[in-house]
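Please read the structure below before turning to the comments.
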Amino acid sequence: MHKFDFGNGQVSYMRKFVKTDAYVRAMTEKRVVITEFGTIAYPDPCKNIFSRFFSYFKGVEVTDNCLVNVYPIGEDFYAVTETNYITKVDTETLDTLKKVDLMKIVNINGVTAHPHIEKDGTVYNIGNCMGKGASLAYNIVKIPPTQKDKSDPINKSSVVVQFPSAERFKPSYVHSFGMTENYFVFVETPIKINLLKFLGAWSIRGTQYMDCFESDDMKGTWIHIAKKNPGEYIDIKFRTSSMGLFHHINCYEDQGHIVFDLCTWKGPEFVYDFLWLANLRDNWEEVKKNAVRAPHPEVKRFVIPLDIYKEHQGTNLVTLPYTTATAVMRADGTIWLEPEVIFSAPYQAFEFPQINYKMCNGRNYTYAYALGLNHFVPDRIVKLNVKTKETWVWQEPDSYPSEPLFVQTPDSTDEDDGVLLSIVVAPANVRATYMIILNAKDLSEIARAEVDIITPVTFHGMYKP
């Protein structure tokens, strides 16, 4: 974890490893002990081949390596990944405090690192679970805000609603979801986790998470919606063409429609397949060749009509005047969604998106901010007007920024009145790592704070007032 602390006109910096079991055991035994997303655990050199073989039958040991994000639950803060484990941390000292297994509290196999948090502190998240009839499903989990009796709100977690899985033993990879004032939106992509392969291969020969993904272009993408309060699944089948998806930008209701904007990757192939270190360590020309073969990134706007009648078959059900996105009912009763593309450039991705969450989450909005990926390399920060498609860019040579966090100017009323915070890394012989502060209106630089260290590019984070 990295922490930049602003106070009295100065900036201080601190970093510490999150002392998870995966970290502690790896450092103690000087090897990767628990298999990670793309790294197989190294065998124990002290065991002979027979001991190693029988140890595989003890079951899958899931990592608690919480390297993806950090967010608040009640008055506490948790470092998280995409498994069932979250780790309580002290944001003042960055000390590791407690490991929590969500499987022991609520019906969930793992949750995303991208929850939605309401103004009162209520946390919503999604993850796959064992549903009805011994088939896989997806649960929306609710964690209440800070309790008056000071008890841990995690222990009062509950399932709000369940989405069915298109395939019984092959859940989709889920990285985020959408939430409006009254609805949840879940996009089920054709990038699947083969559960039987996951359990069988892991137990017998050992494998990593990446070995268990498979894609099926024929499946397309299924989109589900559910009412939020009370939780109720709406059994209407919305479909669209195959795509990969990590991040929702925003999602809102407007005149009987749900509008949601996504950072997509066109086609059924899994983007992670192009991110192996062996590929990224190639020379720049080879990196670009790999990116050319990868799915094409685009920001797409989808619109779901809420008032649907069977006699409308064959006609566009979207009546919003400001979008070209369509929804057409087919003869089989499914509704085919065609998106409006609001950002597209050759081999340039708009990823790790942020908005003025406090003002605009779940509401009609205008601006989004993100990392610009050039052939997968994060070399710019981009602002996007989702209504006019106008863009602004911050970029410097040999500078590789992280997810830009939006911080609203206190008491402001303009959506983009605030600053963006990003950790920028560079080759060690060029300049030190620095925190840059940009004016969110035009991406002009306000200030930067340099730290004479080398840091990796980070994933996600948060601003804590």
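Note that Cβ sites are derived from N, Cα and C of the backbone, with glycine treated the same way.
Per TrEMBL, Fe cation binding site is recorded for H114, H175, H247, H460.
Note on H460 (Fe cation binding site): other Cβ atoms within 10 Å of its Cβ, all shown chains, come to 18. Counting only same-chain residues six or more apart in sequence, the Cβ atoms lying under 8 angstroms from the Cβ of H175 (Fe cation binding site) belong to E82, T112, A113, H114, L245, F246, H247. Of all Cβ atoms in the protein chains displayed, 20 besides its own lie within 10 Å of the Cβ of H247 (Fe cation binding site). Residue density at H114 (Fe cation binding site): 20 other Cβ atoms are found within 10 A of its Cβ, drawing on all protein chains shown.
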